[in-house]
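According to TrEMBL, the protein carries these features:
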type: TRANSMEM; residues: B:12-35; note: transmembrane segment
type: TRANSMEM; residues: B:42-62; note: transmembrane segment
type: TRANSMEM; residues: B:68-87; note: transmembrane segment
type: TRANSMEM; residues: B:99-118; note: transmembrane segment
type: TRANSMEM; residues: B:149-168; note: transmembrane segment
type: TRANSMEM; residues: B:200-220; note: transmembrane segment
type: TRANSMEM; residues: B:232-259; note: transmembrane segment
type: TRANSMEM; residues: B:266-285; note: transmembrane segment
Amino acid sequence: MSTSENTKVALPAMTHTVGMPRHQKIIFIVLLAVLLALPFVVYPVFAMKVLCFALFACAFNLLLGFGGLLSFGHAAYFGMASYVCAHAAKVWGLTPELAILAGTATSAVLGLVIGSLAIRRQGIYFAMVTLAFAQMVYFFALQAKFTGGEDGIQSVPRNDLLGIFPMNDDMTFYFFVLAITYGGILFIYRITHSPFGQVLKSIRENEPRAVSLGYRVNRYKLMVFVLSATFAGLAGATKSQVFHLASLTDVHWTMSGEVVLMTLLGGMGTVLGPIVGAAIVVTMQNYLASLGAWVTVIQGCIFVIGVLLFREGIIGVLSRILKKPL
Amino acid sequence: MFELLGIPPQVLMGQLLIGLINGSFYAVLSLGLAVIFGLLNIINFAHGAQYMMGAFGAWMLLNYTGIGYWPALILSPIVVGAIGIALERTMISRLYKLDHLYGLLLTFGLALIIQGLFRNYYGVSGLPYAIPPALQGGQNLGFMFLPNYRGWVIIASVVVCFGTWFMIEKTRLGSYLRAATENPELVGAFGINVPRMITLTYGFGVGLAAFAGVLAAPIYSVNPNMGADLIIVVFAVVVIGGMGSIMGAILTGFGLGIIEGLTRVFYPEGSAVVIFVIMAIVLMIKPEGLFGNNA
């Protein structure tokens, strides 16, 4: 752990190398191989759910793990994108790629508006502000006409990709979703390992020093906020196409809590952590769904244990043992 | 009676009253958050769950042991406060040296556990809790009808808020508390047991939340989710007021309740979001909060 543990979120050290380190290249190739084989092993819709949440958690981790900003309102971007995408596909009859694009763009704008206000406060106030704005978005989704209120937008069609390829087969659609999410995760990796990512890291570690070096800190914070909201939107929009549904669940604060849980469990500030965390949480929800409210209790327990004993997360611990950033 | 902008005074006064009631809960809850934050430097996400526990405490005392409203008003906050103290000693106290965000995440986890457990055993439909006999009925004030219980909620909240303010700002104990907020090491050097004070402060803040819960039990149905959405609004109240000042938290709470009530009269669609809109405006004009110092 770093020496700044007293004041900062403890994060595993990130070393900067030119290009992708060899072991990470191998990890990404193995990951792709696993994901290509996944729908032949498990139910494709379940596999797509894992992919969407993995991208969502990676987007969240971009903000928390690399920007040091804890947003408690990421459901707003995930959920609004899912509504707009569903509306675009159902009412406007847009093709999947355009509907997803519309949803993602909505989240980017929403992220710009909320982010420019939220970065005016730091630390826990930032968390409370993002949570409050997300609740405002929730009330909007509850009352607005196009979202369908309690019913949500149901039986959203999956139109033909590019107007040519039918996408109704889940197995076919899986590979489209895989392309989106894997591309998104690679893109996020690229952001965090760019000069921009290094500046973010310096702001996270020592904001006054970054200011004194002449960086416009708020501009960087806003940029990473918008990027994070955009990728969260991409995940949400894709999810509404997967399930033919956009509902209030996606925009509720429990969803914001879940993405925090996934990232904490997997390991904040790691590349693979959010993916592993998302896979575990989604699997758990899937198999424990019959237990009802006990799932909430179990999630709460993971939070408590994670914060008290296990702050590095699964991948964080692995990364420390192997002495390699994962 | 006069009419204001075409709104009958009964409607206006009725909504103002509801606003004042909501404001009472905002004030007591944000006060508890501010007291806890001042000394512990954590945001108590479990505050809403503890408010719910207070209401359930009153319900359980009545239905399992036959203890009525008035003893419950004292007993339930004490029991919930004691549970809070146990949580502080066993878990929260381990996080003081870490980033504040961990305190938020831990108490969020605790809130999930508490709400999940209550949902399991009591469902989500809500349980009724009768208004105590002494406070049934109401007063006709000429321009409006004031139910006795609602009047009592406002009076009790005001008394508790100003009692807390007096204790913190005007008594010797309060001066220790304020000193420990500024510099815990120095206060410890004077021979005051700061860790114990922190523990008791957390217990007190949690007790305040439970007290609000008991007050709320006869108005809203006793429901495992009753605190979850409320606490997010209270967070917005805290951001608007800033947590640096006890009086600030109280005034912001009541004030925003009234504004919310007025919005329900003049623009009902906006009443759910008006507090968040005000938060956005405050963030633009005075980001540190109306009563805040740079935190």
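Glycine is treated like the rest: Cβ placed from N, Cα and C.
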* Structure fact -> Counting Cβ pairs closer than 8 Å to the transmembrane segment (B:12-35), the top stretch among B:99-118, B:149-168, B:232-259, B:266-285 is B:232-259
* Long-range environment of the transmembrane segment (B:200-220) - Cβ separation under 8 angstroms, sequence gap at least 6 -> 21, 24-25, 28-29, 31-33, 35-36, 39-40, 44, 46-48, 50-59, 69, 72-73, 76-85, 88, 92, 126, 129-132, 149-150, 153, 156-157, 160, 164, 177, 226-227
* Asked: Cβ under 8 Å to the transmembrane segment (B:232-259), counting only same-chain residues 6 or more beyond its ends: which ones?
  -> 16, 19-31, 33-35, 37-38, 43, 47-48, 161-162, 164-165, 168-169, 274-276, 278-279, 282-283, 288-293, 295
